[in-house]
Amino acid sequence: MTTRYLLDKSAAYRAHLPAVRHRLEPLMERGLLARCGITDLEFGVSARSREDHRTLGTYRRDALEYVNTPDTVWDRAWEIQEALTDKGFHRSVKIPDLIIAAVAEHHGIPVMHYDQDFERIAAITRQPVEWVVAPGTA
């Protein structure tokens, strides 16, 4: 079985690094990287101009499969945040990461990331997440 991943910007933004590129390129070539609405908006934040924003939009549409964000994801993100409160992490985990994790969980796919937030979330949800490369190496 081939694993498809929901790609977080923390991994995507490191694609210029050889080790990260080596990990992501084969997945991209095989169509195994996905995006969702919140990751689209995160990609857009890095644009330096309207033209750059359009280029990023074309890239994400052409390169990454889209997975939807059903209404149930919002309640699940709230539940995860509530559980993080018990561990004192509810303020340290970014809201977009909660939503991305809930989308990935809904679709049964792991998050490909380079962000400790997803490890904290996975400690609660037990969902699969994967560092794009080992932490501290990119």
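Yeah, the Cβs are placed from backbone N, Cα and C, and that goes for glycine too.
Copied over from TrEMBL:
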- 5-122: domain 'PIN' (DOMAIN)
- Asp8, Asp97: Mg(2+) binding site (BINDING)
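Shown for the domain 'PIN' (5-122): DSSP residue counts in helix, strand and coil, namely 75 helix, 11 strand, 32 coil. Computed over the domain 'PIN' (5-122), the whole-number mean pLDDT of the model equals 96. Taking a C-beta cut-off of under 8 Å and a sequence gap of six or more, Asp97 (Mg(2+) binding site) has these contacts in its own chain: Asp8, Asp115, Asp117, Phe118, Ile121.
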